[in-house]
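Asker: Annotation source Swiss-Prot lists Mg(2+) 1 binding site at 206, 210, citing similarity to another entry. What Swiss-Prot records for 195, 240, 247, 668, 679 is site 'Important for ion transport', and it gives similarity to another entry as the kind of evidence. According to Swiss-Prot, the feature site 'Important for potassium dependence' maps to 481, an assignment based on similarity to another entry. The transmembrane segment feature in Swiss-Prot is assigned to 3-23, 64-84, 91-111, 144-164, 174-194, 313-333, 346-366, 429-449, 483-503, 514-534, 586-606, 680-700 (among others); the stated evidence is sequence analysis.
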C-alpha cells in the first residue's frame, strides 16, 4: 500500500470517528436522566440561548473573514508569477490552495462549535446520573472537533497535492509545493480572526460578568441573575473551541507545508512520492494512535479526572513514537541531501521523536506553573492575603519564570533537529510535536464543554450534587487547557521556525549576518511587533469590557427585581455587545499581521524581512508563554482559595478575583493570539517569497 492511499484512508477514518462521536453525543436526550419538566425546560432554554449566541457570532465573523479571504486571494493572483515554472501559474494555484485552507478551517470551526453547544447541555444532563457519564459526554464532544479537524486538514492537503501533481506532472515538485503552502496561509488567516475575535469576545463577557457580578454584587459565577452570564458561556465556545481549533489547524497545515517545500528541494525525496509525503504520514498515523488512546478515557465516580486526561497525552505520545519507527523504516528513503548536507532516514525519525517528547515536556512544565497542586500557584494564592497588588506581582513573576524551561526545551529540540537533519529536521520536529493533535484538541475542547455544563447546571438550579460533578470536570479542564496553551505555543514556535527555514531555502538566502544593518533593523522591528500586537488586543478587551460593565450595571439599576430573581436580565443585549466589539476590534490586529510582511518584503527586501521574522519569533514565544501562564496561574490561585484556603467572599478571594480578571486577556486573548502572529507572518512571507525576490527592496534600490 502506498503513502497516498494510507493518508486518504487515515483522514477518512478520522472523519468517520468524528461522525460516530457526534451520533453518540446527540443520542442523549435532555430530560431522560432525571429531573422534572421545569428543570428540562430551563436546560433547553439556556442551551438554546448559548447555541444561538455562538452561531450568530460565528456567522458574522465568517462574513468579515470572507472579505479578507477575497482580498488576499486577489493579491496572491496579482503578485505571484514565477518565471521558472513555465506552464504553471503560481498565483492562481496558490490562491486556490489558500481559499481551500480557509474554507476547510471555517467548516472545522463551525462543526466544533455546533457539537460543543450540543454537548454542554447533555453533559449537564449526564451529570444528574453520574460523574463517569458526564465526563464521557464532554470528552466525546471534544473528540468530534479533534478528529474532524485533523481528518479534514489532511484530506484537504492530499487532495490538493494529487490535483497539482496530476495536472502538471512535468513541473518541478518544489514549485507545486510552494503553491500548496497557500493552504497553510488560508488556515492561519482564519485562525487569526478566530483567536483574536474569539478572545476579545470571551474576555469582554468574562471581565464584565466578574467585575459587576462577583466583585460588586457578590453573586456567584454563572448566576442567572447576572446579565452577562450567557455571553460569558457563549465566549467559552467562541474562544476555546473555534479559536483553539483554527490555531492548531493552522499549525498542522503550516508545518506540513514547510516540510514539503524544504523536502521538495532534495532530488531523492522529489523522486519518491512516499518519501516526499512523509510529513503527511506523521499527522496521518497520529490518528489511529489517538483513536486507540481515546478508549482509555474513563473515570469512576470518585476518580481523578485530571489524571484520566493526562494519560491520553502520555499514551498517544508513546504510541506515535512506536508507530513512526515502522513508518520511517518503510516509506522514507535511506538517505538524501539538502543544502549539501547528507541526511539519513534515522536522522529524520530522531528529529520527529525529539519534537514529540519536547511537546510532552512543555505540557508537564506548564502544568507545574499553572496547577494549584504545585508551589507556584499556591504562592500566588498566599500573596492574595495582602491584597490584589501582591497577587498581581506574584502572578507576573510566575509567568516570566515559567518561560525559562520551555525555551530551553525548544532550543534543545531546534539544535538537535538541525544537527541531524538541517532545516528539514526542524520542520519534522514541529510535525512530531503536533502529531497527537487529534487527542490534544479533544482534551482542549473538553474544557469549554464541561465549563459550559457547569454554567448551565448553575443557571438551571440543578442542585449541589450535579454542580459538584460539573465543577470537578471543569477544574480538570482548566489545567488541561493551560497545558494545551503551552503545547500550542511550543508548536507555533517550531512551526514558525520551520516556515522561516522554508522561506530562507526558497529565497536562496544562504547566510544572514546579525550585524548587517538591514538584518539588525529587521530584528529590532520584529521583536517590537508582538508587544504592539499584545497592546492592541489587551486594549480591545479593555474597551469591550468597559461597554459590558456599563451595560450590566445599567440593567441592575433599570430592571427591577433582578437581584430577587423576580425578573430576567436582558441576556441578548450583552451577547450583542460582545459580538459587535469583537468584530470591530479584530480588524486592526488582523491587518497588522497580514500586511506587515508584505510591506516589509516589498519595501526593504528579503534580508530585512528575514530579520523581522526572527525577531518576532524570539520575542513572541517568550511573551506568549509568560502571558498564558500568568493568566493560568491567577485563575487557578482563585480556584485554590475557593476550595482550600479563605473561601468565596473572603478578602483573600476578592484580591484573587481581581488578579484572575486581569489575567483573563493574558491567557485567553493576547497570549494565544501571539501564536498566530509568528506563524502567519512566516507563512505569508513564504507564500510571497518569489515576489520579494523579484520586486523586493524598493527603498534600498532607490538609495543605491
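Every residue gets a Cβ built from N, Cα and C, even glycine.
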Asker: What's the CA to CA span in angstrom from residue 668 (site 'Important for ion transport') over to residue 240 (site 'Important for ion transport')?
Answerer: 8
Asker: Out of the recorded positions listed (195, 206, 210, 481), which are within 10 Å of residue 247 (site 'Important for ion transport'), Cα to Cα?
Answerer: 195
Asker: Does anything in the same chain, at least 6 positions from residue 195 (site 'Important for ion transport'), have a Cβ under 8 Å from its Cβ, and if so what?
Answerer: 239, 243, 244, 246, 247, 672, 673, 675, 676
Asker: Hey, what's the Cβ neighbour count for residue 240 (site 'Important for ion transport') at 10 Å?
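Answerer: Its Cβ has 28 other Cβ atoms within 10 Å.
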Asker: Could you tell me whether the transmembrane segment (346-366) and the transmembrane segment (483-503) are in contact, taking contact to mean 3+ Cβ pairs under 8 Å with a sequence separation of 6 or more?
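Answerer: Yes, the transmembrane segment (483-503) contacts the transmembrane segment (346-366).
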Asker: Residues of the same chain, at least six outside the transmembrane segment (313-333), with any C-beta under 8 angstroms of its C-beta?
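Answerer: Residues 3, 268-269, 272, 274-275, 277-278, 281-282, 285-286, 288-290, 292-293, 296, 345-346, 348-349, 352-353, 356-357, 359-360, 363, 432, 435-436, 439-440, 443, 483 contact the transmembrane segment (313-333) from elsewhere in the chain.
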Asker: Within 10 Å of the Cβ of residue 206 (Mg(2+) 1 binding site), how many other Cβ atoms can you find? Include all protein chains, please.
Answerer: 27
Asker: So, taking each listed stretch (3-23, 91-111, 429-449, 586-606, 680-700) in turn and counting its Cβ pairs to the transmembrane segment (144-164) that are under 8 angstroms, which one gives the highest count?
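Answerer: Per the Cβ count, the answer is 3-23.
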Asker: Which listed stretch (91-111, 429-449, 586-606) has the most C-beta pairs under 8 A with the transmembrane segment (680-700)?
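Answerer: Ranked by Cβ pairs under 8 Å, first place goes to 586-606.
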Asker: Contact between the transmembrane segment (586-606) and the transmembrane segment (514-534) is defined here as three or more C-beta pairs under 8 Å separated by at least 6 residues; is that satisfied?
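Answerer: Result for the transmembrane segment (514-534) with the transmembrane segment (586-606) is yes.
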Asker: Near the transmembrane segment (429-449), which residues from the same chain, at least 6 beyond its ends, have a CB less than 8 A from one of its CBs?
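Answerer: Distal contacts: 14, 112, 116, 119-120, 123, 138-139, 141-147, 149-150, 236-237, 239-241, 244-245, 248, 251-252, 255-256, 258-259, 279, 282-283, 285-287, 289-291, 293-294, 309, 312-313, 316-317, 320, 324, 351-356, 358-359, 413-414, 416-417, 474, 477-478, 480-481, 483-484, 487, 490-491, 494-495, 497-498.
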Asker: Any chance you could find the range in 3-23, 64-84, 91-111, 346-366 with the most Cβ pairs under 8 Å to the transmembrane segment (586-606)?
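Answerer: The stretch I would name here is 64-84.
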Asker: Could you check the recorded positions 210, 247, 668 and say which one's CB has the fewest neighbouring CB atoms inside 10 Å?
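Answerer: Candidates: the recorded positions 210, 247, 668. Fewest Cβ atoms within 10 Å: 210.
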